[in-house]
Amino acid sequence: MTEMSETAPDKDAPRGAPAPKIGLVSLGCPKALVDSERIVTRLRAEGYELSPDYAGADAVVVNTCGFLNSAKEESLQAIGEALAENGRVIVTGCLGVEAGRIRDQYPDVLAITGPQAYEAVVEAVHKAVPRAHDPFLDLVPPQGVRFTPRHYAYLKISEGCNHSCSFCIIPHLRGPLRSRPFTDVMREAERLVDAGVQELLVISQDTSAYGVDLSYAETEWKGRQVQTRFADLAAALGSLGVWVRMHYVYPYPHVDQILPLMAEGRILPYLDIPFQHASPRILKSMRRPAHQEKTLERLARWREQCPDLAVRSTFIVGFPGETEDDFVQLLDWLSEARLARVGCFKYEDVDGAPANALTGQVPEEVKEERYARLMAHQQAISAEVLGARVGEELEVIVDDVDAEGAIARSHWDAPEIDGNVFIDDCEGLEAGDRLLAKVTDASEYDLWASPLHQPAGTAA
Ligand code: SF4
C-alpha cells in the first residue's frame, strides 16, 4: 500500500467522532501518481485521514494502470488483495474503463471510475465512508498532498493525447490533449517551490504539444504577455530558481527553442524523448509522432547549442513486423546517438490497440534475444559516456543520506528511472541539498563523486 508519510496528522482532528480513514494503493506511471495525489489532496481537504495499512482503513482506493496487459493483471491482483485485506474497495484509474472486466472478477467492489475522475472517486468515498462536516478539518498544505519526497515534485501540465500510436490506448483511455492554463501551472509550480521543492519534473503525455488545444492562448504572467506554449512555459519555469526537468518531449522543430534555456542553465540540460525505435518502417507502423524527423541531425544540432545535453529514451523491441535488419538499424542509431540513458521494453499486445492486428508478430524468444542485445549494446555506450565524466565537477541534488553515504543525482538523472551519484563523504548533507561534486568513478549506470561545495544561491 502506498505510504502516506508525507501527510501530517490533523492536529485538530478528533473532536467528536474520529475522522474516517482511507487507504490508497497507487499503481502505474507518474501521471497516475499525480492523479493519486489529487484524489488524496481532495480527501485530506475534506478531513479524511490516510491509513498506511489495510487494517486501519475504512475503505481503500485502488488507482489502477491499464497501459499494458501485464499492468492490468497487476492492477487486478491489487484489487483482489485490497478486497481480501479490507473488503471495502473503490477502483479508479486507467483500468477503470474496463468496469465489466473488473466486476466479472470482483463483483464486490464498491465503485469503479476511470482515469482523472477525481470528482467521481471522491463521491464514491463520500458514499462508502461519510463524514460529518467539520470546517476545522478542511486544512491541507497549500501545495496539496504529495507522495514524492519533499525536494522534488511532478508537475502535470496537460491530460490526454492527440496522437494515435498503434501500440497505445492512452488516447482512448484519457481522451484528446487538454492543456492546463498557463497561470494554473505556474501557480502550482510556485506553491511547490515555496514548500521547499528543489526540482520540478514536468510531465504529460506529450509535453512538447502543450497549448496546441488552446491555440497557444495569450495570457499575462508576472506583468509579461506570454503564450500557452512549451517554450514560454519552459522559460517561466526556468525563472523559479529550481531544477526543471522535461519529460515526454517529441523531437519537433519547435523544441529547438528551449535549447538556449538549457545552455544558459535555466532549465536542466535533459530531455526525455520516447523515440521507441529508429527504423523508419517500424516508426511509421507504430504511427509515432515526429517519426519523419531526422532525429540524429536534430540531436547533433542540439548538442552544438548545449554540449552538456543528456537525452534519455525508451525503445520497444519485437514490434510486429520488426526484422533483424530493422533491429540492426536501431542498434546502429544508438551507436550514433550516444544517448545518456536508455530503457527498453519487449513489445506486448495491449487489448484494444491497433497494433494487435498487425501481421508479423515476433516470437517471444526473438524479443528476448533482441532485448538482451540492445541492453548490452547500450551498456557499453553508457559506460563510455559516463566514464568520460570522471574528473568533471557536477551539480548534484541529494535524495537520501544513510550510513554508507549520500545518494544523489546529477542534471542527467531523473528520479526512479535514471542513475545515481554516490557520495561517500556526506557529513552535513541532507535530502534536498544541491552541491557541487567532483566525479571520481563511473559504471554503466552510476557515478561516484566527492563533495566540493554548494553552488552559490541554491537552497540547502
Ligand atoms: S504519444 Fe503515442 S504512446 Fe504517447 S500517449 Fe500519445 S498515443 Fe500513446
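Positions of Cβ are set from backbone N, Cα and C atoms, glycine also.
Note that the structure is a prediction, hence the values are computed from the model and not measured.
Taken verbatim from TrEMBL:
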| type | residues | note |
| --- | --- | --- |
| DOMAIN | 20-130 | domain 'MTTase N-terminal' |
| BINDING | C29, C65, C94 | [4Fe-4S] cluster 1 binding site |
| DOMAIN | 147-384 | domain 'Radical SAM core' |
| BINDING | C161, C165, C168 | [4Fe-4S] cluster 2 binding site |
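Proximity to ligand 1 (Cβ under 6 Å from any of its atoms) holds for these binding-site residues out of C29, C65, C161, C165, C168: C161, C165, C168. Each of the binding-site residues C94, C161, C165 was assessed for Cβ neighbours inside 10 Å, and the highest tally belongs to C94. The DSSP breakdown of the domain 'MTTase N-terminal' (20-130) into helical (H, G, I), extended (E, B) and coil residues amounts to 56 helix, 21 strand, 34 coil.
Of all the binding-site residues given, namely C29, C65, C168, the one with the smallest number of surrounding CB atoms inside 10 A is C29. It is 18 Å from the Cα atom of C29 ([4Fe-4S] cluster 1 binding site) to that of C165 ([4Fe-4S] cluster 2 binding site). Calculated from their C-alpha atoms, the gap between C168 ([4Fe-4S] cluster 2 binding site) and C94 ([4Fe-4S] cluster 1 binding site) amounts to 12 Å.
For the domain 'Radical SAM core' (147-384), the model's pLDDT averages out at 93.
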